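Visitor: Shown below is the structure under consideration.
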Amino acid sequence: MALMETGKYSQGSLLGSVNPDLASERQTASFSVEKLTAWLDGGTEHTRLRRAVVEAIECDPVFSRENQYFESQNERYEAAVRKAVHLQKKMDEMGWTENGPEFKALSGDLAFLLHRIFTRSISMLGSDQQIAKWIPLATQYQLIGSYAQTELGHGTYLQGLETTAVFDITTQEFVLNTPNISAMKWWPGDMGRSATHTVVFAQLYVNGKCYGLHPFIVQIRSLQDHSLCPGITAGDIGPKMNFEHIDNGYLMLQNVRVPRENMLSKFCEVQPDGTYVRRGSQKINYFTMTTVRISLILDEVVIPLMKACTIAIRYSVVRRQSKLKPGEQEAKILDYQTQQEKLLPQLAAAYAFYFISDYLQELFDRGYREIQRKNFDMLPELHAFSSGFKAMVTQYSTSAVEICLRACGGHGYSLLSGLPSLYTKIVASCIYEGENTILFLQTARFLIKCFMAASTGQPVPPSVTYLAAVTPEKCPAKNKLDFLSPDIYTEAYQHMAARLINSTAAKLQDLVQSGVKKHDAWNQCTVQLAQAAKAHCHYITVKNFAETVEKLETQPGIQKIMKHLCDLFALHGIFSNAGVFLHDGYISGAQMDMVTASYLDLLAVIRKDAVPLVDAFDFTDKTLNSALGSYDGQVYQRLYEWAQKSPTNKQISPAYERYLKPLLHKTLSKL
Amino acid sequence: MCVEWESALFLFSSSVLSLEALVINDPDFQHEDLNFLSRSQRYEQAIRKSSLMVLKLREYGITDPDEIYWFKSFVHRGRPEPLDLHLGMFLPTLLTQATPEQQDRFFMPAWNLEIIGTYAQTEMGHGTHLRGLETTATYDPATQEFILNSPTVTSIKWWPGGLGKTSNHAIVLAQLYTQGQCKGLHAFIVPIRQLGTHEPLPGITVGDIGPKFGYDEMDNGYLKMDNFRIPRENMLMKYAQVEPDGTYVKPLSDKLTYGTMVFIRSLIVGDSARSLSRACTIAIRYSAVRHQSELKPGEPEPQILDYQTQQYKLFPLLATAYAFHFVGAYIKDTYHRISGDIHEGDLSELPELHALTAGLKAFTSWTANAGIEECRMACGGHGYSRCSGIPDIYVTFTPSCTYEGENTVMMLQTARFLVKSYTQVSSGQQVTGMVSYLNDLSRQRIQPQHVAARSVAVRINDPVSLVEAYKARAARLVEAAAKNLQAELNHRKSKEDAWNRTSVDLVRASEAHCHYVIVKLFTAKLAEISNAAVRAVLTELCLLYALYGISKNTGDFLQAGILTDAQITQVNQRVKELLAIIRPNAVALVDSFDFHDVHLGSVLGRYDGNVYENMFEWAKKSPLNKTEVHESFHKHLKPMQSKL
């Protein structure tokens, strides 16, 4: 297995031989890890391919991340550029494609991610001529692109962006300006230091009339010496919680002129005489964001969550603390119910979200095919789903990774655990590509609309027909085992989601009928609306998990453990949101006790397979880059050896000579 | 409402405010924005300031522990610093556990910083579970020395602050072996670096444990000892002793250590309040400056603080910050009140206070930890920039969920006390203090119904009535946990197994108990406020705190029949009404915390609200902007472009 081969360390070290505490966990697996991995990958061939790429990358010293935690912002940035450049070379050599698995193998520690978004937005929003002109240049890295949308003063609320692009009919150019400080582009990746070009989103003005936001290709740095172009002010926005390797930038435009052909014009165009022509829905301009939202769920959220679970669960069987029985050895901390209750629901969520990302990808592919045929009917649903699931999955996973971090106690706080950087990275996903609360409200708007339509008998997309369905008023469960039936809990979720959407819609109507203005009524219901949208996404996730398990008939060994995880995910959700299930008496107090009992029983069942379940994610040690989570479980040895390599131990600290010595020797007053 | 008056009453004394001015106006304590410095540079700055701080404390004659605490906090702007353990643990431990002769030898040199010490307890393999520590100190009567050893990798001391690079001595906790017997953990003064050269002594391996989430200023260290010998007189022997021939003399009581723990945990409760207050200040001020989207068609973009969802994120946290201030003050006062008794040897009140502070430490630090992140995320993308200051507050605060007792373990300690009290009540005894509500259970027993099913006629606008509701919830969850524990005991052989299988329930019971205590203390505080306007706004906050807690835990209140569906709907509605009521006072309520801009360290949270201009100024100083064209261009980008 690829995993085993990566753990090669110096002779005489324990590293490489598996800690017996981890080895014993693997002997009792109730299923074949290899089979589960293959199933997750979509077949053994995919697994083989993925491992080959990962190995090719990890055996290349340029891609080493061993010193990552010790590096400064400048060093991280330089390393990221170095790796991105090297990757291009490697891709040419190996014949890899742009959308292949190699990016994931590098764990995102690369520059030029925005270059890909730049390329993607030109492919999607550009005319055929624009694609023919720019894509080869971008692919050949004759230019480096970025994507400049967010401004200092505005993010998710795109209509509020203030950058302007005024059409000058005499020169056939657009004149771009940053009219005030809050209009400065702020945050775009790769823009602070690297990019030569960027797609700027600006309010288009033709003959004094504003046509709203449009994308423009703007050159910002010289292709010769990389100096800033005239009229451009750009730089790095300074240190952040993470992404030190990326030069998120600012950009100020002063009368910057670009030719008419630089407005991306697949869907809208300004003709030479200033006539504005629109083809299709204007919403299509936001389509890039929908795409990005769906793809980020897997790459930027689910995979980091899987890594965090791997690290925390492996560490929890190596760490022994206190005694469960007098006279016995200290217990593995994963044997404590409280530790299981922290980690195992997060593991179940990682699987649940992995499956929901598949579901969304399918929905998206279907929608994209339609859009190619200029049929925009699926856009609202696609937009609502990508928004809501992006919000739910990022919010849930962020807190899940933080739970994993804190579940590792003090050592989790060391950067060498790998957990802080996973957390600070995943937490950004709650904001970028749309702030979560606003995204939930967008989904809510769609749901309320569908609810209104469904209740008057009009057709709605299949995913929301449940809003009009009639469900029993009481949960039929009689004992705790009944709660292990997917029908029982899926129906409970459905009932709960429908009730929340229903009651919020009713409240909105009441307010409007009592004379409150529509927008005020909306604001007064937003807390409830966001909750309803979240409930909808939670329900779909549970339902999709249950359906995924059902389809596993041909693989009984895997199906059984997946069923346990599905049950755990569902019951954990009921247990932790008891109020909304109890509220209208759908689940009774006595039934809630059954849920709790079944939920706690499941923890002990899944505990036995916890390590095999994270092994199946098949991360190499180098990918995890964690002293606590490595495959061999030699946690303490690795932590000790790695810490000794810290620059603080290698360099002589100037602080001693300058300050400590005078302090110790009482000569400080001379300072 | 009167901001000045507020701050004077609740948060700081006037002498503290003058200390702040003393530090902030001192040119010696100025330096470049720490966000732009490397870890080594941050450590160096911290050492420089600490050294000056010690001199200035002496110069100004500041000796009161509270005043030293505040002075330190202003110098280091709430961040940890390398002398923390010297001042906070090494010196106090010498005072409390050293014999007079030992004090003669060590105290004055340590006071004068010829000796810089740390407190080395935690090991790689063990933290909160102290009995599991593995470092050994074996007495050798032939030379009258202790031989210190780190027998395994897991026994390496790991994490002590100031150990890596700063200290030349450490108080080491080790398992004492004498005459072939293990006598448990004891403390030893161990020199680790040569005075003069600062080089590690032979037999000592010492260094920095590497980069962490936060605490960049602190050289958390490791220490490995190989047959390292120290004289017999280096064991701290005020209580337990080893005589020259190796005879072990037992200490009188071990409950005394409770006192220190209570004190430190009370500091963490106060720190939870302060850290959350800082985050709230930043998020609320920024939310008043940031305009976004539209509430009414055609009108200018509103302040984001006018959105209900934003208020719903921030105001409950603001209320929580106030609640925790009062809880922190209560514990500290209680500790001071009974510390006289403790000194006299009367330890009767200690167990309850110890159990209560364990739970409150966990409850407040968990809540503040999540709350700080919530504040940061409420600031959107800019919250993620280091210039917001919240990332720093978070990474500095979050380890308090782990240190001084891992939170889950703390909750279970409180649970042990609750179950014990419940058992006492069940056997007909009365209990006192914060758990006295359990006494009602025995009266309740006459009736066959479930304890909490007895209806509490809850009035949702009356804090006193809400305290009763929280009390009923705590009683119900303590009873449920105790009964589940009993059921497990009936099924299984071992006590430990049963306890483990009930621990999720037990933690819930402790949380409910702590939540009740906090609502109770907040409510009690209202009566002490004489200014009517201040009392009015704090009553709103108190109501919000209590009602929001119910709306987040509706399951507990519904299942126990404390509140009906209709009441829950009312509670949810009332929470939203309170948000609108508090909105006009929101900025004044954070201004009352009275954090100086320098201490707040945030561009988003500036008192003057000039956010965007200052973000731009700040960014221009970023290390990546030092040169107009970054060297990576010449090294990597250009060669690539020419090759492709």
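Here the Cβ of each residue, glycine as well, is placed from N, Cα and C on the backbone.
Pulled from TrEMBL, these are the listed features:
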DOMAIN    A:32-144  domain 'Acyl-coenzyme A oxidase N-terminal'
BINDING   A:Thr150, A:Gly189  FAD binding site
DOMAIN    A:286-448  domain 'Acyl-CoA oxidase C-alpha1'
ACT_SITE  A:Glu433  active site, proton acceptor
DOMAIN    A:486-664  domain 'Acyl-CoA oxidase C-terminal'
Visitor: Between the Cα atoms of A:Thr150 (FAD binding site) and A:Glu433 (active site, proton acceptor), find the distance and write it as a whole number of Å.
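Guide: Pair distance, Cα basis, whole Å: 10 Å.
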Visitor: Sub-8 Å Cβ contact with chain B: please pick out which of the recorded positions A:Thr150, A:Gly189, A:Glu433 have it.
Guide: A:Thr150
Visitor: Cβ-Cβ under 8 Å from the residue listed as 'active site, proton acceptor', same chain, 6 or more residues apart: which ones?
Guide: A:Met289, A:Val292, A:Arg293, A:Leu296, A:Lys390
Visitor: So what's the mean pLDDT when you look at the domain 'Acyl-coenzyme A oxidase N-terminal' (A:32-144)?
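Guide: Residues in the domain 'Acyl-coenzyme A oxidase N-terminal' (A:32-144) carry a mean pLDDT of 86 in this prediction.
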Visitor: So if I measure Cβ to Cβ from A:Gly189 (FAD binding site) and keep only same-chain residues at least 6 apart in sequence, which ones fall under 8 Å?
Guide: A:Leu113, A:Leu114, A:Ser146, A:Tyr147, A:Phe243, A:Ile246, A:Asp247, A:Asn248, A:Gly249
Visitor: Using all protein chains in view, find how many other C-beta atoms are within 10 Å of the C-beta of A:Thr150 (FAD binding site).
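Guide: A count of 21.
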